[in-house]
Amino acid sequence: MKRTHTCGELTINNIDQEVILQGWVKKIRKLGAMVFIDLKDRYGITQLVVDQQHIDLINNVKNEYVIEIKGNVVKRKSINKELVTGDIEVIVKELFIINKSELTPFVLENDVNVNEDTRLTYRYLDLRRPVMQNNLIIRAKINHIIRNFLTDSNFLEVETPYFAKSTPEGARDFLVPSRLNKNKFYALPQSPQLFKQLLMISGIDRYYQIVRCFRDEDLRIDRQPEFTQLDLEMSFATSEDVMQISESLIKKILKEVKNFEIKEPLLRLSYKDAIDLYGSDKPDLRYDLKIHTLNDIFKNTNIKFLNNPDLFIRAICIDQLLSKKQLEDLNQQAKQFHFNSIAFIKFENNNWSGSLASQLTENEKELLIKEFDIKNKATIVLNIGKYEQISQLMGAIRISLAKMFNLETKDDFKLLWVVDFPLFEFSEQENRYVAAHHPFTSPKEECLTDFDTNKKDALTCAYDLVMNGFEIGGGSQRITNPEIQQRMFDAVELTTQQVETNFGWFMNAYKYGAPYHAGIAWGLDRISMIVTDSNSIRDVIAFPKNSLGIDMMSNAPDLVSEKQLEELNIKIVK
């Protein structure tokens with residue numbers, strides 16, 4: 001039989017109709033001579049009623065069995081307002097077991113007390129939980145909004161290759177050996193960057209793609225070895241054009257998915273100010289907690305360890321009194337950043353306490369009250385160090401304080417652009433300057449004359465879209481002048497041979513007329529994670545890898561046969 005309705009469809013308007021439903025048994029309850037079954041599918045839950053006359057139909061039915069029923073829709077005596085179908089129930093006349101189920105390794109409820117690797121091993125069961133299905137539904141809705149919006153904005157969806165040439169700049173590539181071309185390898189692309197720029201030279205004008213990308217890097221809660229991007233590029237466009245259309249798109253997504261309004265234009269914060277105020281280039285603006293530099297306050301201090309004009313005293317003040325346990329947690333965090341501990345000062349009802357309180361002068365106390373606008377109570381957390389290191393520490397402490405005091409408001413979305421990034425960063429490992437983004441990012445106009453000789457101060461036309469402390473998008477104006485591109489290659493010390501080997505095929509296209517262009521890539525996994533309030537991007541991906549990059553369900557990656565290796569001309573060295 002073919003089902004007439006889903007399990008989330010029947011309402012008061014269907015009373016007295018004969019229906020056929022199919023789904024999984026969520027729960028069986030006996031009440032006197034009656035048996036109640038909650039039947040579930042992706043769309044919802046419908047309550048079934050089996051009376052004494054048909055009780056034999058369910059003798060062998062258990063939870064998670066897949067069944068089919070025929071019955072009549074009646075009005076429920078007790079309404080369940082939590083269900084769309086809560087006004088009705090179905091009196092079962094016929095029941096057929098489609099497939100049985102063994103006892104599941106964990107309860108398939110939203111709140112489940114089981115470790116993540118077990119969930120990933122039985123991912124097909126984990127995905128039966130409503131919260132997981134809702135995550136995938138929201139993700140699909142986001143993709144649908146993106147496609148409609150960009151198509152309506154004259155963007156063309158174009159697919160780019162998954163088998164590409166390895167370009168060693170950046171993260172590690174996943175390599176794929178070629179059987180037909182012995183001893184040669186494809187790389188799975190870290191992004192479609194070069195291909196989408198070639199599409200601009202091809203005259204496509206406006207391109208987008210929802211694309212899978214691959215990076216062989218260490219994992220964390222917001223990273224996977226394979227991930228999904230919204231990738232787009234615009235010809236005859238500047239950074240402003242890309243940022244404007246990005247703002248309109250994210251505004252539409254949040255409105256349609258969360259009914260949340262954002263105001264345009266978004267706040268813009270320079271990289272320098274982001275680090276100075278928040279200790280991060282992706283600050284969470286749902287809470288304030290700005291970082292202050294206190295060198296002027298303590299310039300004549302008697303506190304010995306703060307008396308070093310070559311270092312920076314950085315501090316955060318929160319209008320709470322931290323407990324001994326909370327301070328110890330921050331001390332442990334400081335050690336992760338190679339600081340011995342943090343210092344703290346407490347203020348309550350005009351009384352000062354803490355590790356530095358007894359050494360404070362009256363003038364320093366007055367200046368601290370003024371600096372942080374302290375009212376009744378506060379804890380100041382501070383330390384001293386080189387600017388970059390101490391800023392990173394205080395940025396991490398800022399996040400920890402927000403978690404301690406529940407300042408990360410749910411269903412609130414704070415977005416901003418971080419701009420004016422450094423064009424280069426110095427690699428201690430390679431002992432040279434490398435491109436902070438990628439070597440095709442244009443320097444800012446005011447840096448064009450000396451970006452390759454004044455690398456320390458050179459800024460880039462790059463921009464990151466940040467939401468609730470996560471970078472959800474990053475893009476830039478591209479270099480389209482071959483002379484400037486060559487200077488960029490020289491600046492990052494790529495030899496003529498390296499450029500020709502890695503990028504010659506790409507650079508050749510610039511001989512034939514390239515429009516100026518700009519673009520951006522969004523991390524759709526991260527956006528979905530934030531919008532669904534999930535703890536990890538693994539909760540918004542159907543079949544993710546665990547924190548070690550392992551597919552617990554299929555046990556990939558795994559060994560392959562000697563024959564397969566031989567065909568690829570590969571020999572394992574033990």
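Every residue gets a Cβ built from N, Cα and C, even glycine.
Shown in sequence order, ALA171, ARG172, PHE174, GLN190, PRO225, PHE227 are the residues of the chain, 6+ apart in sequence, with a C-beta less than 8 angstroms from the C-beta of ARG215 (L-aspartate binding site). Reduced to three states, the DSSP call for ARG215 (L-aspartate binding site) is coil. Among the features that Swiss-Prot reports, L-aspartate binding site is placed at GLU169, ARG215, HIS437, ARG478, with the record citing sequence analysis.
Annotation for GLU471 (ATP binding site): spatial neighbours ASP281, LYS282, ASP464, LEU465, GLY523, ARG526, criterion Cβ-Cβ under 8 Å with sequence separation of six or more. GLU471 (ATP binding site) carries a strand DSSP state (E or B). Summarising the annotation, Swiss-Prot assigns ATP binding site to ARG215, ASP216, GLU217, GLN224, GLU471, GLY523, LEU524, ASP525, ARG526.
Under the heading region 'Aspartate', Swiss-Prot lists 193-196, citing sequence analysis as support. Sequence-distant contacts of the region 'Aspartate' (193-196), counting only residues of its own chain at least 6 positions beyond either end whose CB sits under 8 Å from a CB of the stretch, comprise 160-161, 164, 167, 207, 209, 231-233, 438, 440, 503, 506, 519.
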Inquiry  = Quick check on the region 'Aspartate' (193-196): DSSP residue counts for helix, strand, coil, in that order please.
reply    = 4 helix, 0 strand, 0 coil
Ask   = Long-range same-chain neighbours of GLU217 (ATP binding site), Cβ under 8 Å, sequence gap at least 6?
value = ALA171, ARG172, ARG223, PRO225
Request  = List the Cα distance (Å, whole number) between HIS437 (L-aspartate binding site) and LEU524 (ATP binding site).
outcome  = 19
Key: Packing count at ARG526 (ATP binding site) (other Cβ atoms within 10 Å of its Cβ)   = 22
Inquiry  = In the three-state scheme derived from DSSP, which category covers ARG478 (L-aspartate binding site)?
reply    = strand
Key: DSSP state at HIS437 (L-aspartate binding site), helix/strand/coil   = coil
